[in-house]
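Trainee: Following this message is one structure expressed as structure tokens.
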Amino acid sequence: MTSLAMPAGTDMSENMQPTIIAVNTIGLVLAIAAVGLRVAARKIAGAPLWWDDWLVVLALVVGVVYYFMNVAWFVPHGLGKHIWAQADLAEAIWAFRIGLFIQELNYTTIIAIVKYSILAFYWRIFSVPSIRLPIQILVGIVTCWAIALWLVTIFQCTPVQGFWDLTIESNCTVNVTSFFFGNSIPNIFTDVALMVLPVPYIWRLQLVRAQKIALISIFTLGTFIVVISATRLAYVLHLDLVSVDITWHFNNTEIWTTLEAYVAIICACLPSLKPIASLVFKSAFASRKATSNSNLNGSTQRSGTWANIKNSLNAEKKMPGDDENRLFKRLPGNEDATVRVRAMASVSERSNGASDSDVELGDMSRVQIRRDFDVQWDKA
């Protein structure tokens with residue numbers, strides 16, 4: 001630990017605590033809303049909650065603990081301000097280090113559970129056997145990553161309390177900055193793997209291209225997590241944990257770590273919210289459907305081909321004059337035999353999820369003809 005003296009030129013009016021509180025509060029509220037909507041979507045669909053749902057609920061519970069540690073522990077003990085704003089520097093350093101110890105465990109737990117939830121979601125919605133093995137491999141990687149982080153966090157100092165209690169003799173062999181860097185790389189790798197895994201299976205679905213692209217876009221919202229994780233890593237690499245002014249230098253790392261935790265929960269819920277989206281936009285879809293049908297009817301009336309077919313409905317057409325060489329002769333009074341032609345057309349709507357206005361036209365080439373006549377045989 002370096003000198004506790006305040007460097008010259010330190011601006012003691014600097015304060016990031018409002019930003020830290022705002023980021024944590026908004027993140028938690030949005031995460032709660034996302035999980036709540038996910039549960040509601042399952043109820044609307046008439047489906048019971050499954051492992052993927054319960055896991056994301058558990059991640060949210062840990063997220064609540066994470067929130068109160070930041071807002072009710074870190075901030076009151078100086079996070080967001082220069083450490084010299086605290087009356088007791090030793091207590092401020094102790095409070096920061098014990099808070100960091102707990103939050104490292106909470107962060108790892110949230111991220112691991114969210115990844116489990118996403119993998120369980122893939123297991124539930126994709127029935128193809130070929131996706132099972134990749135899911136199991138990723139579960140193993142995430143489990144090893146989480147266990148390694150928990151163990152390193154807990155036992156980075158001997159005795160354990162030596163990490164936060166600097167008054168006792170301890171042996172701390174783990175470089176915290178290197179530790180943050182080491183856990184970020186596998187984390188980003190698994191984020192990318194989770195994002196890419198469902199893409200080939202979605203592309204093979206019997207859906208129109210636009211629908212496939214829309215689904216892939218939803219599943220690749222994890223891109224936000226990758227960007228946030230990479231940004232967090234950039235701040236970690238420049239983090240000065242040796243400086244006594246740790247409550248100020250840790251600000252950006254804490255903010256981006258918080259964003260990663262809550263955005264992970266939110267993104268894990270988004271692919272499950274289709275029933276909610278369908279319910280909310282039902283009226284808009286219905287309006288669009290009505291407009292599409294109206295346009296179709298207008299086109300039918302204006303088209304010459306459609307008009308000719310319409311004009312032929314129930315129309316009577318004259319048959320050609322008699323041919324004396326015919327085997328059959330028309331009876332007197334029936335010189336103008338008639339034939340009723342009925343053009344059949346059908347328009348049926350089909351909804352396969354790609355669009356509410358997809359239209360399938362019936363076979364317009366079929367014409368049914370009915371001809372009624374009497375036959376009289378002449379005696380030879």
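Each residue, glycine too, has its Cβ placed from N, Cα and C.
Bear in mind that the values here come from a model prediction, so they are computed numbers and not experimental data.
Pulled the feature table from TrEMBL, pasting it below:
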type	residues	note
TRANSMEM	20-41	transmembrane segment
DOMAIN	37-277	domain 'Rhodopsin'
TRANSMEM	53-75	transmembrane segment
TRANSMEM	105-125	transmembrane segment
TRANSMEM	137-164	transmembrane segment
TRANSMEM	184-203	transmembrane segment
TRANSMEM	215-235	transmembrane segment
TRANSMEM	255-273	transmembrane segment
Trainee: What else in the chain is close to the transmembrane segment (20-41), if you only count residues 6 or more beyond its ends and a Cβ gap under 8 Å?
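Mentor: Sequence-remote neighbours of the transmembrane segment (20-41) are 49, 53, 56-57, 60, 63-64, 67, 70-71, 74-75, 79-80, 251, 254-255, 258-259, 261-263, 265-266, 269-270, 272-276.
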Trainee: Checking distant contacts: for the transmembrane segment (105-125), what same-chain residues at least six beyond its ends satisfy Cβ-Cβ under 8 A?
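Mentor: Same-chain residues near the transmembrane segment (105-125) but 6 or more away: 50-53, 55-56, 58-59, 62-63, 65-66, 69, 131-132, 135, 138-139, 142-143, 145-146, 149-150, 153-154, 183, 187, 190, 194, 197-198, 222, 257, 260-261, 264-265, 268, 271-272.
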Trainee: Please report, as numbers and ranges, the same-chain residues at least 6 past the borders of the transmembrane segment (53-75) whose CB is under 8 Å from any CB of it.
Mentor: 17, 20-21, 24-25, 27-28, 31-32, 35, 38-39, 42, 95-96, 99, 102-103, 106-107, 109-110, 113-114, 116-117, 120, 254, 258, 261-262, 264-265, 268-269, 272
Trainee: Find the average pLDDT over the domain 'Rhodopsin' (37-277) in the predicted model and report it.
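Mentor: A mean pLDDT of 91 is what the model gives the domain 'Rhodopsin' (37-277).
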